[in-house]
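Novice: Could you have a look at this structure, given as structure tokens, before my questions?
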Amino acid sequence: MSVPTMHPLAKTLPVLATLVFLTFPVAMGVANALTLLLLLAWIFSGNHRAHWHAIRANPVIMMALLLYGVILLGASYSAAPAADITLHLTKYAKLLFVAVLFSILGDRTWQRRCMVAFTAAMLFILASTWMNLWFVLPWSKTQTPGWGLSHHVFGDYITQNVMMAFFVLWSLVSAKAQKTVARRAAWLAIALLAAVSITHLSDGRSGYLLLATTLLIFVLATLRGKALWAMLIASVLGLGVTLMSSQSLMQRFERAAVEARQSETDNQSSIGHRLYNYRKTPELIMEKPLLGWGTGAYHTQICRIVEKPEWCPVFNWHPHNQYLFLGADHGMLGILAYLALMASMVWLALRDQDISSRTLLLGLAGLLAVNSLVNSPLWSSRESHFFMFMMALLAARSGLALQAEAKSPPA
């Protein structure tokens, strides 16, 4: 019996995937070029029946495809300009790429290599963030040394904090998995440095919320009994001490409180802008609650209901809330499809007996859910790269548990 030969391009697929994980945190242009090469190689390498068999067996990937189907459906009744519809179809097309990337990463060895590549990129960002305290780094976004300033390296501080919060979780999971005290201490030190880079070396307040989310998920997913309660108390106290120890962090939260109180008269501040979006976007949803205004329609429809025409360019990019963004364009159908995607991540994670994989997928789902309350992570370029690519990797990693379950004989 002849053994089917592998197409030469198929051998390049996991290599390209690993390079994508190495580059997307630090070099979006390079990552996009590699993603295009990966997609072309995947198309021409064949074996698509086997790929589809793997895809349809994984609920996370199917829910990602369903969400893109909702976006395609919205294009059929949208009155938005063609440019806006095309922009949405393009940006959300990463939901399709999730399936492609997932179908490539069925091998545990290449899954580990992708995580190693991501770790290398994040260690470079973390080291650069701390070096920014004393040196002007040519590759860094921020160029002013000193304590009390933002020192994000690539993209913006919001995106860096999202990825760094997940990196804290990954470091804690890695520390727990180590067999030697020295290695465990090294990973714990990395987790601490990454956490402080969010709380003390970065602007913004959402990073603090995301860090708290990852710590809570780590504690709940990995600890039991007295250890669980001890770690919960320690985490709360630690976050409180961290908040009190940073004058700049205290000032940020005090400024947020002031901006919230003044939001009725000043909607141009960071908090005021968000709160105004959170008041106006539901008005759009209530006008067409089931299917929304159609793909890309938010950008023009929000301009119809803001009080002043000159506010249109300020508020029409996205509402800083992924749920509201999908609700305006796709109604409850879009919101439910998005919730189903995150629920499928939790469901798959809970079926995984490997504590590391389970914790990481739960952490990613938690980060996506919480971040979607204050940002639009599927819309923002680098954030969507992180969430979509990591979703594919972790769904493949936890998906191995489903495969083993399917193969095991019934009791």
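Positions of Cβ are set from backbone N, Cα and C atoms, glycine also.
Pasting the feature list from TrEMBL:
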| type | residues | note |
| --- | --- | --- |
| DOMAIN | 191-339 | domain 'O-antigen ligase-related' |
| TRANSMEM | 20-45 | transmembrane segment |
| TRANSMEM | 57-79 | transmembrane segment |
| TRANSMEM | 85-105 | transmembrane segment |
| TRANSMEM | 117-137 | transmembrane segment |
| TRANSMEM | 157-173 | transmembrane segment |
| TRANSMEM | 185-201 | transmembrane segment |
| TRANSMEM | 207-223 | transmembrane segment |
| TRANSMEM | 228-245 | transmembrane segment |
| TRANSMEM | 323-348 | transmembrane segment |
| TRANSMEM | 360-379 | transmembrane segment |
Novice: Please report, as numbers and ranges, the same-chain residues at least 6 past the borders of the transmembrane segment (228-245) whose CB is under 8 Å from any CB of it.
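Specialist: Residues 195-196, 199-200, 208, 211-212, 215-216, 219-220, 253 contact the transmembrane segment (228-245) from elsewhere in the chain.
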Novice: Do any residues of this chain, six or more beyond the ends of the transmembrane segment (157-173), have a C-beta under 8 angstroms from a C-beta of it, and if so which?
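Specialist: Residues 25, 115, 119, 122, 125-126, 129, 150, 187-188, 190-191, 194-195, 197-198, 202-204, 206-207, 210-211, 213-215, 217-218, 222, 356, 359-360, 363-364, 367, 371, 375, 377, 380, 382-383, 386, 390.
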Novice: So which residues does the transmembrane segment (185-201) touch in its own chain, when a touch means Cβ under 8 Å and the partner is 6 or more beyond its ends?
Specialist: 122-123, 126, 129-130, 132-133, 147, 149-151, 161, 164-165, 167-168, 171-172, 174-175, 178, 207-208, 210-211, 242-243, 246, 248-249
Novice: Looking only at the domain 'O-antigen ligase-related' (191-339), report the model's average pLDDT.
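Specialist: On average, pLDDT over the domain 'O-antigen ligase-related' (191-339) sits at 85.
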Novice: Within the domain 'O-antigen ligase-related' (191-339), how many residues are helix, strand or coil going by DSSP?
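Specialist: The breakdown for the domain 'O-antigen ligase-related' (191-339) reads 113 helix, 0 strand, 36 coil.
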Novice: Cβ pairs under 8 Å only, please: of the recorded stretches 20-45, 57-79, 85-105, 207-223, 360-379, which one is richest in them relative to the transmembrane segment (323-348)?
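Specialist: Highest pair count goes to 57-79.
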Novice: Which sequence-distant residues neighbour the transmembrane segment (360-379)? Criterion: at least 6 residues beyond either end, Cβ under 8 Å.
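Specialist: Distal contacts: 91-92, 94-95, 158, 162, 165-166, 169-170, 173, 206, 209-210, 213-214, 216-218, 221, 274, 318-323, 325, 338, 342, 345-346, 348-350, 352, 387-388, 390-391, 394-395, 397-398.
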